[in-house]
């Protein structure tokens, strides 16, 4: 594939993603908090700091991996980096493979660091890149963490995608052992299982982003790029973010879990944190805001999102993220069926 074709693919991904609509209903609607009428705290008591063994984020939301590798996507990364700088959010760039192949593309990613020199930035590579390239991806952005995306359904629907996955787990293990910053194993919208969590724990992984279905749908994106658009029947493949978080419950004391995939509102973010996530990522909401409404409007959107999270936490009498994990939740019969059939232990305080 030529560099021009790769740039074209990056642009197609963004165009199709922006055209996708948010789901009217999701599994976040199938879980409810129990309301208690009189909080014992005030809004000003709320601490939204997200703390993991290696990373401290001012807020438990971040701009998740999206793009880079073309002139248009450079402009997107530039604007998102300004939003991150002005709001204090962490930001992940999209796959840096284009820059690792072609130095001319590096600035489509490094613009994020240029615009946000003091901010927290995650670099991003695939599970098949050599260790040396993973190290290079971290150095490229002076990144505080490295996402490794695992996207086998996307690759298999992508006309020119990868068809070989046998070496992925061993390669991830090699990268984790060599890279000095936290390595986050990130799904791309298909969710994670307890079996995967076991395998990742065995090779020393300390961070995951479950990225469940419900947000940007890469099966649909790649199917749109197929000549016959003949794999639409896979549109609903995978676990939702709620199901994925429940799958991680037994591993949350050893692995820091981030949540993304289909988060629409501050309440969805709070529900993710209550299920054990340390932070929550969003992609398309930020992309649509910054492209359709500009930087200032997107900054205001983030600030409002944060204030709404504080209001919800006050209603829940939760001063911090850890308090949220002790709050009472009622699940729908459908979610309870998943929990029972998958033999998940979700005992809560």
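Including glycine, each Cβ sits where the backbone N, Cα and C put it.
Residues 65, 66, 67, 124, 186, 211, 216, 262, 263, 264, 283, 284 are given by Swiss-Prot as FMN binders; from 37, 95, 152, 332, that same site also lists 95. Only 124, of the binding-site residues 124, 155, 211, 264, have a C-alpha within 10 angstroms of the C-alpha of residue 97 (substrate binding site). Largest Cα to Cα distance within the recorded FMN binders 65, 66, 67, 95, 124, 186, 211, 216, 262, 263, 264, 283, 284: about 23 Å as a whole number.
In the three-state DSSP scheme, residue 65 (FMN binding site) is classed as coil. The highest number of surrounding Cβ atoms within 10 Å, among the binding-site residues 67, 124, 154, 211, is found at 211.
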